[in-house]
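Annotated in TrEMBL:
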- B:33-52: transmembrane segment (TRANSMEM)
- B:193-219: transmembrane segment (TRANSMEM)
- B:200-313: domain 'ABC3 transporter permease C-terminal' (DOMAIN)
- B:240-265: transmembrane segment (TRANSMEM)
- B:285-309: transmembrane segment (TRANSMEM)
- B:333-353: transmembrane segment (TRANSMEM)
- B:359-381: transmembrane segment (TRANSMEM)
- B:415-436: transmembrane segment (TRANSMEM)
- B:655-676: transmembrane segment (TRANSMEM)
- B:659-769: domain 'ABC3 transporter permease C-terminal' (DOMAIN)
- B:709-730: transmembrane segment (TRANSMEM)
- B:742-767: transmembrane segment (TRANSMEM)
Amino acid sequence: MTGPLLVADDLHLAFGPTRALAGASVEVAPGEVLALLGPSGSGKSTLLHCLAGILTPDRGEVRYRGTRLDDRSDEARSRLRRNDFGFVFQFGSLVPELTALANVALPLQLTGARRRAAEEQARSWLERLGVADVAGKRPGEMSGGQGQRVAVARALIGGPRVVFADEPTGALDSLNGELVMEEFTAAARDQGSSVVLVTHETRVAAYADRSVVLRDGRLTAAPAWA
Amino acid sequence: MNRPGRRGAAVLVVRLALTAVRRSPLPAVAGALVVALGVVVLLAGLSMHPTAQARGAADKAAMAGEFAADGEPGLLIAHSSGSYRDRPITASLVADTAGGGLVPPGLDRVPAPGEVVLSPAMRELWSDPGTTLAQRYPGRDVGTVTRAGLVGPGALVVWIGVDRDRMPETRVVTGFGGAGVADIADMPSELRLAVPLLVIGFLLPLVALFLTVATMGTAARERRLAALRLLGFSARHARLVAALESALVVVPGVVLGCLVFRLAAPVLAPHLPVRGGVWPDHVFFSLPVAAGLLVVLPLLGTAATWWALRRIDVSPLGVVRGAGDRELRRRRLLPLGAGCLALAGSAAAGHGADDVTLAGALLLAAVVLLLVGIVLAAPLLCRVAAQGLGRVLPGIPAQLAAARVRRDATGAARLVTGSALLVFVSGLLLSFFPLLETGNAAGLRALRDTAGGNLLVADVQLLDTAALAELRADPGVSGVARLTQVQISDGAGQGGPLITATDCAELSGVLPALGGCSAGSLLLAPADSDAKAVPLRTDGPLQAVTMVESADGGSLDTVGLGPLTTSEAPRTSEVLGSLDELTGGTIGLVDVSALPAAARPTAAGGTLLVRPAAGSAELERVRTLLTRATSAASVLTVDEQVAEAERTTQTYRDITLAALGCAALVGVLTLTSTLLQQVREHRRALVALWMAGMPRATVRAATLLQSSLVILPVVALSLVLGLATATTYLALADGGATRLPWAAIGVVAAGAAALPLLATALTLPALRTTTHPQLLPD
Ligand SMILES: Nc1ncnc2c1ncn2[C@@H]1O[C@H](COP(=O)(O)OP(=O)(O)O)[C@@H](O)[C@H]1O
Ligand SMILES: [Mg+2]
């Protein structure tokens, strides 16, 4: 398939009086790592949620592989999240009650895999990200860096077409953050997943193929260093 | 693979729910235990009516029920009631007429004269000489009354064989299954409205309990569900997980509750504080009911969870509370307003008693509307109270409490819903008590007031003169009097009214308050005081109407009375009126010395009054003497007669208080678990406050304040509405002559307000462990 994988076209979204998005447009190409930069409160997370079909814009449309996404049913969008998308958030993307291994195996099981096979694959992903030793621990019992690596493994295990990452290293120190970013982008490129990476740190954006900057809910020209 | 296999998804969903319960077992276990307790209470409530019916049937089965004319083969039976230290005794004299082969239930043969058959509990007392029961019911112990003849395992029953000619009763019994003793089924009409209220008062807290338990763990659950949604769980799937989780708590709770009831009820039944205890198999635990609970309660819980989550959109980003709160809140006041209008309408329709049916219907509608209205209006009230408090009280705890209530008024109000409804319903239920008191057993209570509660009253079956002489001579007896009835005529016709004949000297010894009764006197009740008082011309000679036996039956004759001093009792004297309660209504008293010999009392019939010596601790011994003197007649004190007459009332009162007690217990449990839940949910906020330097004492004060902020206004509202409804009801029922039992209502309201605070205080120690910085990261 040619052309962009994911398109946001003139999105508007307000939370009461707050205009979070005011005409944001962006395109994501297959296999591309795109950084969404911008100051805090500029609407980056909101745009990411719209692209992933979690939030529905007030106006404008989101197209995924050529068809509209924002007007699909909850069931259909849930199916997309199950089969085509992966997520890494700053906090709370893991199920707190499950172990790291169970968390990583979950996307495979959700798409019908048997538990044993899913856990086997999950274990190899944990190894690949260097956190095999926390397989039996629950999110509350891991360090921030370990938790984010587990979250990356879980986002990638199903071979998603797009991974949405919102400040994935926001809670980590810079050394740890760079290590996680390196492993994350390498693994994503390996299996050809596109990545939408939200961050306010230019250092993190350096791992992207391309950067766009959001200000007051709309995109501005790319910065000189991009 | 594009779709999760249906089975695979189901297995996964169950596994996730199980994991969640396993991960935080404490709330789950506590929830299951609370559900179990609720189920025990529910089963006890459900088995109350069938148990009462089974007891009524057992009672009936042992009573003479079919009769034949004199001379037929069968049994002669005289049942009577006695008592030993507040335990009722059923004593039955029995004589076999012609060997008809009929045997009373529970006996293997009819005791011959001089023999007694005892129930096991009776034998225990009877064989202890200290009880004097072997003298009261003398005879040779020849057998045991078995289960067929006993209402409960502890029933005190004695069958006494007597000679035919010593038998006061002449009707021949040819079968059993007579009229049973009054039970809840024979409810006075004043109580009809109370039954649905009682059921509501009983069920409401239970329902509140199940809903609370079912929707427990909301915050943790919401976080978990959001994480699952991100992975592609649809909203429906997420709700399914939540519903399953609640079922995982409710189902074991129901099973445990059924099991506990099934095992404990038979063990406890014989010791229940009701007449004779309860046979274990009279406590019904029907499998269909248990199975029904096992289906209905989890369904209820699941539905509640589903509903609770429906209002808040579980989005992959977490939980978004439904918008449009403000419009919703205005509409919430509608049922309350409609209820108040219905109440006012009922009061207006009932005023002057124009239309009692309409007023009654409006009142019932008002009760239902107000119940719903209180629940719906509670969050609004809490929020208004929070706003007011935030403005009035300056301290940090008040600010914090007000802010928390304002943020989630609906959640805060859930805390108090149960108590509020309880206050409303109990206000209504308690207002029935005084109403009952005005109706039931008024005469007997008047007798108690004038004659004292310990006066022994015996219906004479057949007087044993030797035993009577022994009774009179006994040092434990301060007075004995006998009342009989004589028909009296002023000569105008053969018929005439009944008058009570007594020995005035003796009666004055028993009832010192009675004046105007002396040798040769005729004391008439005030002529217009009572419809029963038949005018009697006292200026001419009076005659007693007597029965003359002859070969071809009997005929009536009149014999002149001796010299009389006639007086009319002062209208203020209630003693004479209260004597009517014993004699069944006469126009007054005549001294026995004025009666001609033909009209003097014989050995049978009448009433014996015995006053035990003041402060006599030997009531039971005196009762034994009196029972023997009257051939095992019913011998009860006035107090016991009042209790007997008020048994239905008493049953109602006991049931009401038990229901309120259970409701309160369940309520405290619900509250405590809800509060603990809230503490857990606010853990992060609490830790943050503590880390920001707020002392734990302030956090505690804020928590207590928060509870009272919610509780006091809502309980006050329910109290006011409950009282208004009760007042309207009383005005309808008896024109407002009855006063509300303010004290009892006040106690209930105070209790309802105190219980949540108590529950809050109970949860305060939990704050200590929750405000720990290590709990901050998720
Ligand atoms: N659920 C929400 N309710 C109200 N306002 C919101 C919500 N989510 C975001 N906002 C507001 O929208 C704006 C953009 O938010 P966000 O997209 O999270 O910014 P960013 O991720 O760039 O920091 C902010 O002003 C934020 O306060
Ligand atoms: Mg953001």
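A Cβ is built for glycine as well, from the same backbone N, Cα and C atoms used for every other residue.
Curation plays no part in TrEMBL annotations; they are all automatic predictions.
Remember, predicted model here, so these are calculated numbers, not experimental data.
Across the candidate stretches B:33-52, B:240-265, B:333-353, B:709-730, B:742-767, the maximum count of CB pairs under 8 A to the transmembrane segment (B:285-309) is reached by B:240-265. Between the transmembrane segment (B:33-52) and the stretches B:333-353, B:359-381, B:655-676, B:742-767, Cβ pairs under 8 Å are most numerous for B:655-676. Between the transmembrane segment (B:742-767) and the transmembrane segment (B:359-381), the number of CB pairs under 8 angstroms, six or more residues apart, is fewer than three, so the stretches are not in contact. Mean model confidence for the domain 'ABC3 transporter permease C-terminal' (B:659-769) is a pLDDT of 73.
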